[in-house]
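Only one structure is covered here, and it is reproduced in the block below.
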């Protein structure tokens, strides 16, 4: 008997019909002789609707109350799926994140999981119940308040619960048949991938691939939890995320795919003194604003000798906060101005094969040049090349790179609904 954790996203439980379909799949898994734990997201656009409501009643909703509000979405879908399972003759019991033992930091809106104490879940499993856990939420270790986990929180909940229960696999159900060499909405002949290493999936998630979120993959790699990405709408085998690139023979390594990200912004600090310590002041200020930095470029400044310009990218949602923090410290740090651009996009090529295939960077840049796309900034790792370009050219760039590296398959990928989550 295997212990299977399944996670269903908002599009998979968007209405009553889809909830019943999900319940049937869950019961089938139970009847196959497995213990089953299910993590669900809020139905469809429920979270966005709740956010809109909050902003209608308050220009600045208190973070604690916002978390109390938003967690209602997952509790609703959790209970509805449990009801649907019971109607099929199986036994189900639903738990909120706090009831399931998901212990977090106290940062409302973006809490991190500290621990999972799954005693109540184990008891329910021992009684033969199908266990349901509301995703995206937990309880603060210090204040005991309800917290939310931020973007990708339900995926992270599923992997954390799987690790705590020592599950055999964590199945993440989306609206595509696994992981592809590119977004099928942009590249219809994107090729399905049977397996992907944790490192490759981390790079893909960090570069904008929306099927799995970065925090979820980080957690899975840390606790060696295999992730099985499948579609809620088909019985196709999906993609297994497991193992390390070190386990892949060098000659067998391939290029995994092309990822893109429309959600970044570019910040440029102009006229910074070109002496030791000033770059550190810039990045310390950004860190104090709780903004994560992605790509970084430093150039000789054109405005004055002895000065430098530093450009970095961050999440678009956090860009204004970084600019505000830096602007407040302009005189103290000693730069001329801050420039902000949120009309950018990032496109990346990922794959363990880069380690053994010379010329990848040249082909990458040539493909973009032939498509008439100008590169603003380049960043690389052992298994990734990323460039910053205009956001209006992202789709063209993805298609050009996918074709240049021969990543396409013979069949057209199917997207069943929603946004790939």
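Keep in mind that glycine also has a Cβ here, set from the backbone N, Cα and C atoms.
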Record says 7, 8, 9, 10, 41, 174, 175, 180, 181, 182, 183, 184, 185 bind ATP. Source is Swiss-Prot. Which of 30, 31, 210 does it list for that same site?
210
Secondary structure tally of the domain 'ACT 1' (267-348) (DSSP, helix then strand then coil):
28 helix, 34 strand, 20 coil
Note: in the chain of residue 25 (substrate binding site), residues six or more apart in sequence with C-beta under 8 angstroms of its C-beta are 6, 173, 232
Using the alpha carbons only, what distance in Å do you get between residue 7 (ATP binding site) and residue 74 (site 'Contribution to the catalysis') once rounded?
12
Say we define neighbours as other CB atoms within 10 Å of the CB. Which of the recorded positions 49, 74, 175, 183 has the fewest?
49
Measuring Cα to Cα, how many Å separate residue 175 (ATP binding site) from residue 152 (substrate binding site)?
15
